[in-house]
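Have a look at the structure below before the remarks.
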Number of protein chains: 2
Amino acid sequence: MGLIVQKFGGTSVGSVERIQHVAQCVYEEKEKGNDVVVVVSAMGKSTDQLVNLAKEISSQPSKREMDMLLTTGEQVTIALLSMALNQKGLEAVSFTGWQAGIVTEPVHGNARIIEIQTESIDAQLSAGKVVIVAGFQGITENGEITTLGRGGSDTTAVALAAALKADTCDIYTDVTGVFTSDPRFIKNARKLLSVSYDEMLELANLGAGVLHPRAVEFAKNYNVSLQVRSSMERIEGTVIEEEATMEQNLVVRGVAFEDEITKISVLGLTDSLTSLSTIFTTLAQNQINVDIIIQSTTEMGNANLAFSIKSDDLQETISVLEDHKELLGYGQLSAENKLAKVSIVGSGMISNPGVAAKMFEVLATNKIPIKMVSTSEIKVSAVVEERNMIRAVEVLHAAFELANIEAEVN
Amino acid sequence: MGLIVQKFGGTSVGSVERIQHVAQCVYEEKEKGNDVVVVVSAMGKSTDQLVNLAKEISSQPSKREMDMLLTTGEQVTIALLSMALNQKGLEAVSFTGWQAGIVTEPVHGNARIIEIQTESIDAQLSAGKVVIVAGFQGITENGEITTLGRGGSDTTAVALAAALKADTCDIYTDVTGVFTSDPRFIKNARKLLSVSYDEMLELANLGAGVLHPRAVEFAKNYNVSLQVRSSMERIEGTVIEEEATMEQNLVVRGVAFEDEITKISVLGLTDSLTSLSTIFTTLAQNQINVDIIIQSTTEMGNANLAFSIKSDDLQETISVLEDHKELLGYGQLSAENKLAKVSIVGSGMISNPGVAAKMFEVLATNKIPIKMVSTSEIKVSAVVEERNMIRAVEVLHAAFELANIEAEVN
């Protein structure tokens, strides 16, 4: 007997059949004697369809009206899921974000949750009902409808789990858990039974996109026990919690990778004291995300700078830099395309100084040149040529013995 | 300078292009210096699509969840219209039913408006913005989302006009106004410049379906000046107000008609005191709408009964009556199909006792047999054979000189 928050994303509720399947998952949890709160996203492509309607009308629609428009998507899903639960003989009640008491800051498109007033949900749970909450949305103190931005439904689920003091928050996805690497590419990748919040944050940021980083951060701050699991198969997923309890001896817990990276080199910066901040402020103002940044100073007092971006942003990055050449005061500009980032992640690294060295050695032994390097306490990333990416992941996955961990396979 | 409430139905907002056209109508009204509140329905067939989704899940979905589901339709339209107005350089703000302060009784699917708390709308109008309100929906005092049932958006518009003390409430439709008869069938039908609430009520109930009777009743109770007009053509429509100011000398103001009527005869009812109420209670419980009812008593103390129904309901009516034959206690049952109802409507009838007689005479002269008759203070209806319907309308339209009235044609 406990309280479970379940979250189902857009693919999991993409059709009437999928919604009926979700109803079955909820039914089984309820049968175990648990109270259940379900958070759902908009059905499959419905958000995209709404965005397209808006784009037909305006290239820059008002953010307030986009929130008004997009929040209808989850509202459709909660109503249909509630009906599907009724069909199974379960009493259910659906709540929009505002009905669920999800109060956010007065910002449209990317609001943060300030608090959750749980009275309405509490009352319905006490009455024995399944409560279905529209993810991704909230309300300001002035009654304006807001959305939480990307990963919003994950955040809604985690925030509700925290506010309701739920025993666990199950994030249902189309994969069975978090893996040591992407099983679509690395054939002996293993499912991890547990990872820590910080490891999950690094993995999520690195494109192992089963869970939005913001939701993981929220879970970490409120110590919410999360589980990533499959909506299709009834097997244990991966638990995300303060300290990964299993496989404690594992220094590296996963190898993540991401292609379509471009390295930009800016040579001969004249005034390195202010030019660095000027460059990245200018890029940020133009919505260009920069990942790894390396700076070195030459003996003549000039600075050289290299940073990595998504290849998609190449054209705009170049034109922004060229437009501001005089202001930024640099000599030469060059770009190297078709790169990829390979990263090893694990909390155990903190107390194992040799991990980065081992990574470089493994790559060198396999004749894979490293273009850039970046490190954090629990992660080492290396930028390599795109054509070497999968092989780099394979040799690292093998070298850190990730295929040998005692977890379920797939 | 005044305050105008404009209402656009589902067809008028059925596509991005139509929504942009609506934005133009709003823009022109605003340009005249008026404050504008716009009420819109869901886009074209979107409500039907949502209903179909629900039906795939449940044959009898919860009414609460149907309200949750269907209210998303208008919410999509208000957001898109607001964006379209922004594109035209107008400041606009969209409100769902609950944001607009439309409080209803705690009934799902067919709630009545209790009050409108206009503070939010007032504030936005004062700030010079166009306010767009989702029609058809409201909220209970407990924060439950409700819908107003059929004709709900018309009712929202009229209720808002009453609460905001608007100067007029313009109902935009795909016709240019209210006509002396249906111009698709009666070629010299004329558009009326004005009709009274009661006349409109009779015309609306008789299938001249430009305006929902409930909205007309609301307008009558709160003395809201209504105008039915075209969303495609910029011409005056028909004003609906307390006393039709023009054409005061017109005894009959319109000829309405409706086909697919069936007459049911129930002969030899043994106990006329209770059987009448039993029959119609039983039919009502089976959702069968009865229109005209005629009862006569035979010399032997038995009663004969005839009533009219929609032909679609024939099978069910017969089986309901046969299933309850013992309870109802009648002798014989018969049905006459392929009938139609032709009605003349006009406030002037009250003081003109010869109007009904003239109608019967005109039909007799033209050899059109009358099957049933029903009268109210401002209406006389005759049931005739379907094949005679249009001819009956034509001869009545001519006899009451409706083609001669001095109103714009079409």
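In case you wondered, yes, glycine gets a Cβ from its N, Cα and C as well.
Per TrEMBL, ATP binding site is recorded for A:Lys7, A:Phe8, A:Gly9, A:Gly10, A:Thr173, A:Asp174, A:Arg184. Using a 10 Å radius centred on the Cβ of A:Asp174 (ATP binding site) and all shown protein chains, the other Cβ atoms total 11. Following the DSSP three-state reduction, the secondary structure of A:Asp174 (ATP binding site) is coil.
Residues annotated as substrate binding site in TrEMBL: A:Thr47, A:Glu74. The secondary structure of A:Thr47 (substrate binding site), as reduced to three states from DSSP, is helical. Taking Cβ-Cβ distances under 8 Å and a sequence gap of 6 or more within the same chain, the neighbours of A:Thr47 (substrate binding site) are A:Gly10, A:Leu70, A:Gly73.
If you look up TrEMBL, you'll see A:264-347 marked as domain 'ACT'.
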Checklist entry - In Å, rounded, how far does the Cα of A:Asp174 (ATP binding site) sit from the Cα of A:Glu74 (substrate binding site)? => result 19
Item to check | Secondary structure at A:Glu74 (substrate binding site), reduced by DSSP to three states | outcome: helix
Next on the checklist: Please identify, from the binding-site residues A:Lys7, A:Arg184, the residue with the sparsest Cβ neighbourhood, meaning fewest other Cβ atoms within 10 angstroms.
Outcome noted: A:Arg184
Next on the checklist: Which secondary structure state does DSSP assign to A:Gly10 (ATP binding site), in the simple three-class scheme?
Outcome noted: coil
Item to check | Under 8 Å by Cβ from A:Gly9 (ATP binding site), same chain, sequence gap 6 or more | outcome: A:Ser41, A:Ser153, A:Tyr172, A:Thr173
